[in-house]
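Q: Here's a structure for you.
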Amino acid sequence: MINSVQSASRDTPMHELPITQHILEIVLRHAQQADAVRVTDIYLVIGQLSSYVDESIQFYWDVLCRGTLAEGAQLHFEPVKAEVACQTCGARSPLAQIGQGCPQCGSLRLKVVAGEEFYVRAIRVLTADEVQEEA
């Protein structure tokens, strides 16, 4: 298992096709570095506010990975709920609705602290030795 792989940053305006291409590049690069013969699972952390849609990424993944080491690999989406921190009292809470104040003090000085993430958390690969052991 390859952990803490690389961010698929949303700093660049991307939609699902180019971001899925980027994910595939990351996966194949790390699989090659691990001398993998097959990629079996990819774990993606996807924030509620990231603007990426699981189903679209899955659709493009199924098309793009054909004929690669990642063909047939399972995508696992790990959702992250949006969370805010109050800049007045320090309380952290789920983001219920844009424009709603802090549930502790009512302040509107809120900062998003979770839910914008989107990255490859881990990749599971098989090496030639592991494939032989399975046989």
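A Cβ is built for glycine as well, from the same backbone N, Cα and C atoms used for every other residue.
Keep in mind that TrEMBL annotations are predicted by a computer and have not been checked by a curator.
TrEMBL lists these features:
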- His15: Ni(2+) binding site (BINDING)
- Cys86, Cys89, Cys102, Cys105: Zn(2+) binding site (BINDING)
Q: Beyond Cys86, Cys89, Cys102, Cys105, what residues of that chain have CB atoms within 8 A of the centre of the Zn(2+) site's CB atoms?
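A: So the extra residues in range turn out to be Gln87, Thr88, Gly90, Ala91, Gly101, Pro103, Gln104, Gly106, Ser107, Arg109.
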Q: Report, in whole Å, the straight Cα-to-Cα distance of His15 (Ni(2+) binding site) from Cys89 (Zn(2+) binding site).
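A: Their Cα atoms are separated by 36 Å.
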Q: I need the CA-to-CA distance for Cys102 (Zn(2+) binding site) versus His15 (Ni(2+) binding site), whole Å please.
A: 32
Q: For Cys86 (Zn(2+) binding site), what residues in its own chain, 6 or more apart in sequence, show a Cβ-Cβ distance under 8 Å?
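A: Correct list: Arg92, Ser93, Cys102, Gln104, Cys105, Ser107, Arg109, Leu110.
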Q: Please name the residue among the binding-site residues Cys89, Cys102, Cys105 whose C-beta has the most neighbouring C-beta atoms within 10 angstroms.
A: Cys102
Q: Using DSSP and collapsing to three states, where does Cys86 (Zn(2+) binding site) fall: helix, strand or coil?
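A: DSSP assigns Cys86 (Zn(2+) binding site) to strand.
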Q: Helix, strand or coil: which one is Cys102 (Zn(2+) binding site) in, per DSSP?
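A: Note: Cys102 (Zn(2+) binding site) is coil by DSSP, not helix or strand.
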Q: Identify, in sequence order, the residues in the chain of the residue listed as 'Ni(2+) binding site' that are 6 or more apart from it along the sequence and have a CB within less than 8 Å of its CB; answer 'none' if there are none.
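A: Spatial neighbours, sequence-distant, of the residue listed as 'Ni(2+) binding site': none.
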